[in-house]
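In TrEMBL this protein carries:
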TRANSMEM  20-39  transmembrane segment
TRANSMEM  130-147  transmembrane segment
TRANSMEM  172-193  transmembrane segment
TRANSMEM  258-277  transmembrane segment
TRANSMEM  297-315  transmembrane segment
TRANSMEM  327-346  transmembrane segment
TRANSMEM  397-426  transmembrane segment
Amino acid sequence: MPNQRKQTFDYEFGGPIGTLATMIFLPLVTLLLTYWASIGEIEFANILPASESCSSGGSYAFVRDMILGSNVLCPSCSDPQTVVFCAFVVLSWFGLQVLLERVLPGEIVLGAPLPDGSGKRLPYRINGHLAFWVTLLLLNVGWPRWVEVHNGGEAMSALVFGRVPLSWLYDYHSTLAFVTILWTILLSSYLFLRSFGKGFLLAAGGDSGNPIYDFFMGRELNPRWGTFDWKEFCELRPGLIGWMVLNMSMMFKQYERLGYVTGSMILINIFQGIYVWDALYQERAILTTMDITTDGFGFMLVFGDLAWVPFTYSLQARFLVDHDPHLHWSMLAAIVGVNIMGYLIFRGANGQKDAFRRNPDSPEVSHLTFLQTKRGTKLLTSGWWGLARKINYTGDWIMGLSWCMVCGFESIVPYYYAIYFAILLIHRSIRDDHMCQEKYGEDWNKYKSVVPYRFVPGLF
């Protein structure tokens with residue numbers, strides 16, 4: 001039976017070999033990107049390890065020496081005290097977000113029916129939007145420090161609270177990324193081991209029987225501690241808000257150096273800050289996404305949520321600290337227009353879909369046409385979703401392109417996001433199309449004949 005399962009299992013991401021390679025090189029790529037953003041160009045000469053280490057230790061030694069031995073990708077990683085302190089910062093940040101999720105008031109919302117056919121719907125605690133604002137408040141007024149005051153000629157120490165010195169995050173950016181990567185490996189290992197317990201619902205895509213592949217994809221669909229859902233929490237809280245905080249740290253560092261904040265730095269903080277805020281404001285919408293309903297919670301999502309998002313999505317802000325192009329106001333205004341166009345498409349499409357799912361008869365969506373499937377569900381064929389099957393992805397990518405454009409056009413490094421995100425969205429759309437084909441059968445072919453384009457109506 002195990003052999004039969006291996007032969008018939010539909011592997012993704014290149015199977016066990018592909019996922020192993022991904023797990024080895026994604027952490028390295030994360031550190032490479034932070035380094036390239038700091039120097040403003042793609043460069044390998046200063047980071048390649050000595051040739052003798054490559055021959056004596058194989059690929060593991062090569063990756064190890066690139067991270068630790070070059071003293072470039074992670075300059076402070078050779079200092080145990082710095083690594084320990086950065087680990088304390090990362091875990092404290094994670095713990096703060098857990099605390100806010102637990103203690104702040106929130107709405108209990110039921111997720112989509114579980115895929116086991118039981119009809120059961122898990123409850124989720126929705127308070128990410130409030131956690132977002134409380135986090136900003138704490139960052140601005142919650143940092144304690146002792147100051148010396150004079151009372152009648154006598155010096156005294158007083159405890160005062162103020163803004164967190166965020167520019168420190170710039171100084172230890174690569175070390176924070178390094179310890180976060182270690183944290184994702186530990187958390188993924190815990191989630192993988194606990195998935196072998198009794199009574200856990202496994203994700204179909206993470207139950208191949210191959211430990212490497214299943215570790216990457218995630219075996220358990222909804223790992224929980226009581227009412228605390230690990231996957232939903234990590235999707236939106238520590239990494240996403242952390243991304244915005246890293247951007248703010250880059251802005252403060254630029255101000256320290258220049259005495260002012262440039263237009264590009266202001267725009268990247270506004271653009272991406274709104275993006276993060278929007279995701280948390282629309283938190284309940286994530287409950288119907290593929291990440292929550294279908295994918296297990298393994299290294300793929302753990303690393304993506306906690307390490308990849310904050311430390312590579314903040315790449316443009318990191319680049320601008322040292323390589324701001326000082327764009328003319330007219331160019332900045334044009335980039336604002338690009339961002340607004342992308343946001344209107346992204347939010348308009350997602351809002352329309354969510355409104356239709358909640359109540360197809362509501363006035364805002366009752367005029368839309370749809371295809372009634374044999375499964376009983378309805379597929380929209382007009383409005384935003386009549387233009388293209390993944391029109392929301394198109395808007396998302398256009399927004400991402402505007403983030404890159406604020407960095408000018410002299411270096412390809414800031415444009416990593418637009419390139420990577422295009423590949424990601426195309427791959428995700430292929431995965432989604434495959435699952436919908438299995439789910440809807442012939443109805444999906446009918447739907448594609450009505451809405452033939454995937455991203456751009458009339459083109460693609």
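Positions of Cβ are set from backbone N, Cα and C atoms, glycine also.
Keep in mind the model is a prediction, meaning the values are calculated, not measured.
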Proximity of the transmembrane segment (20-39) to the transmembrane segment (258-277), 3+ C-beta pairs under 8 angstroms: no
In contact by Cβ distance (the transmembrane segment (258-277), the transmembrane segment (327-346); 3 or more pairs under 8 Å): yes
Stretch contact, the transmembrane segment (297-315) with the transmembrane segment (172-193), Cβ-Cβ under 8 Å, 3+ pairs: yes
Distal contacts, the transmembrane segment (172-193) - CB-CB under 8 A, six or more residues away: 27, 30-31, 34-35, 38, 67, 73-77, 82-83, 86-87, 89-91, 94, 211, 214-215, 218-220, 223, 230, 246, 297-299, 302-303, 306-307, 310-311, 318
